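Asks: From TrEMBL, here are the annotated features:
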- Cys193, Cys256, Cys257: Zn(2+) binding site (BINDING)
- 1-271: domain 'Hcy-binding' (DOMAIN)
- 302-546: domain 'Pterin-binding' (DOMAIN)
- 575-668: domain 'B12-binding N-terminal' (DOMAIN)
- 670-790: domain 'B12-binding' (DOMAIN)
Amino acid sequence: MGTMLQKAGMNPEETTTQFGLKHPEIWYDIFTQYINAGADIIYAGTFGINKFKADELDMSLEEAVVCAMNVADRARNEASKASGRDVKIALGIGPLGELLEPMGTLTFEEAYDAFSQIVNAGKNCGADLVVIETMTDLYEVKAAVLAVKENSKLPVMVSMTFEENERTFTGVSLEAMALTLEGLGVDAMGINCSLGPVEILPMARKLRSLTSIPVFAKPNAGLPDPETGKYDISCDQFIDTMKEYIDCGINMVGGCCGTTPEYISGIARYRDSLVQKPQKEESIKHGLRICSSTDVVTVDHVTVIGERINPTGKKRLKQALLEKDFDYILNQAIEQIDAGAEILDVNVGVPSLDDVEMLPEVIKKLQSVTGLPLQIDSSNPKAIEAALRVYNGKAIVNSVNGEPEVMDSIFPIVKKYGAAVIGLTLDSAGIPDKAEDRFAIAQRILDKALEYGIPREDLIIDCLTLTVSAQQKEAGETLKAVRMIKDRLGLKTALGVSNISFGLPMRILVNRTFLAMAMECGLDLPIINPNDEDMMSAVFAFNVLKNVDENAVRYIERYGDCQPEISKTVKKRAADSSDTSSYSDSDIFYCIEKGMKADTVAAVKKLLENHSEMELVNDFLIPALDNVGQGFEKGTIFLPQMLQAATAAQAGFDIIKTRLAESDKESVSLGEVVIATVKGDIHDIGKNIVKVIMENYGYKMIDLGRDVPSEKIVETVVEKNIKLVGLSALMTTTLKSMEETIIAVKTAAPDCRIMVGGAVLTADYAEKIGADFYCKDAMKSVEAAQEVFG
């Protein structure tokens, strides 16, 4: 659409939404052209309409949505009448342009409300479906999907935008997208924008292998020439490549940026070859898989669930929950992650605590520091739903049992949010003594789960570990029940292993032996303390001996150099981060990498006993951030974790600034940088990320906002004697404005250096328009600043 609007005379300083609303007849003509070219679905011009961009509209949001939908509906009705084809209209929904927590300040429910406003405005204006597209944040996608499903009965398709590393810029993987969206019940999923057909093809093929629902693809016509705005893949090249999409089973194909009606006409000839139904479901099942937005755990080996975030028997954790001491809770999580847990159980069950409020709050905090999938542990359906709603990915729910009313209260929630679930083999009569009776309850739970549409592979059975000191015979019955579940039902199993030894001396001996026996009987998910190396070594060795750790890769990675030890300093920190006596100089690197604010502050205070403020900045804080940046560049750390690390570093900088102010010393600032999105461009997510990262490196950022005239930038540069300016542009139509701004700044302040960034920019074009630095991401901006300021 953007390409066609540019051809129709759109002013570079206008957005596509502004231009379309002012010239509905041009929208109408373009829709008609695409329908006549063979398009079966057209997206109404609502992509850029939302409450956060309402200031660019000359009418209310609701009026804008209705106007855009009516134009598309009129074009559809008249063109369909002429062609005789049944053309569908999609209510198009794009990103809000604001970062959600924890990367930004927008809450999940605020995003949900914004999307609901769009859905409610457009659902009765001729829409046949909703398409949520060009998304990079799975959390934002979830808010949009729920808004559609809870406010309409329209089918919903979702596509995300990936980079060549097969991740979105927030780190979302194809696997995480597929798992989460299929669980949420979307009707189709796909990939659009950013890349051309050649680059997207292997991703589309992979996505097809990951899901049983329809898959679609809308590549760009290659990459745009920043100077001319023309895309580098010809119509013939595009058409030839799209044939390969058909051959690998993609159900719907189309075009995004740069694909004119000519392109659509070419691929429309493949319509009869498109797979109308997805491939057989059994060919794409991968067993039990759960995920965060960045990490997927496939339970094809004994997989450890960390049990430590559970206040039962833990006075300090109870205190932390009651006092909302989230730093202590996060330390518990990080400690378990470092010890090798693959999933974290999260339980906030303190009698006087409102778990409906606290459980989702803890989930959100944990998501800010870890990519590990989480297990939501509660018996309260309201708390479970509140937590699942804000969980970013596919979680496990712990748990249901064999009581009909419990299953009827929990299973609908599990189904709605696409979670996996643990079923406990107990009912109103308690825990049966015999394995056969526990098996009967498991069968009942399975039957009810299937009735609710929960996939068989998403049900886990916990046959329940009883204390051997009091119920010695029942230990054997538990193991027998585990084997029966595996052999007869083929389901995954879980056990809270350490319950077995309660009340006995040398509990680890009993725990470890019972764990080994249970794994041999078919235990898949032991819920244990991963800080107990005796237990963890048994798991790693078992996976090797059962040939599920192929070539002993995981075992060698863990034990290849030496016997691992749990960090005593980490344990000390988890106990009390206010005690700085145990901190070593190197601890600050760990604290910043893990995003541990309170611990970073404690480490800074300790370091200030022996180091000056500037030594601390130059020798510790900045190198620690550099390490995080290197992880980001390598793809081992993703945007949410990088921003959390930056926030932790900022907490350290704040301590230093306060100390300097108290001693009347000059405040720490490595230099002043002006940053702005150029005139005509209202996109500023990338700019905002750069701002956060650079602030946490110690630079003073002067953010002029978005759609900024060159005159304002020049005025600020001259007035404050600025040595570095950062300019952002996302659209090809605003690159001319970027060039004009560079010329204006260079004319007024020849010594000022300029760095530029944006999705449509290239290094060659940045050099051509006079920029000093091309910054493809936030870390490159830091490198530019370091060169300028030293």
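All positions are counted from 1 along the displayed chain.
Every residue gets a Cβ built from N, Cα and C, even glycine.
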Asks: Given the binding-site residues Cys193, Cys256, Cys257, which one's Cβ is surrounded by the fewest other Cβ atoms within 10 Å?
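Replies: So among Cys193, Cys256, Cys257, the binding-site residues given, the one with the fewest Cβ atoms within 10 Å is Cys193.
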Asks: Could you name the residues, excluding Cys193, Cys256, Cys257, of the same chain that surround the Zn(2+) site, i.e. Cβ within 8 Å of the Cβ centre of those residues, in sequence order?
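Replies: Apart from the listed residues, the neighbours are Thr134, Thr161, Asn192, Ser194, Lys218, Pro219, Asn220, Gly255, Gly258, Thr259.
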Asks: How does the domain 'B12-binding' (670-790) divide up by DSSP, counting helix, then strand, then coil residues?
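Replies: In the domain 'B12-binding' (670-790), the DSSP-based counts are 58 helix, 24 strand, 39 coil.
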Asks: Could you tell me how many residues in the domain 'B12-binding N-terminal' (575-668) are helical, how many are strand and how many are coil under DSSP?
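Replies: DSSP classes over the domain 'B12-binding N-terminal' (575-668) add up to 65 helix, 0 strand, 29 coil.
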Asks: How does the model score the domain 'B12-binding' (670-790) in terms of mean pLDDT?
Replies: 92
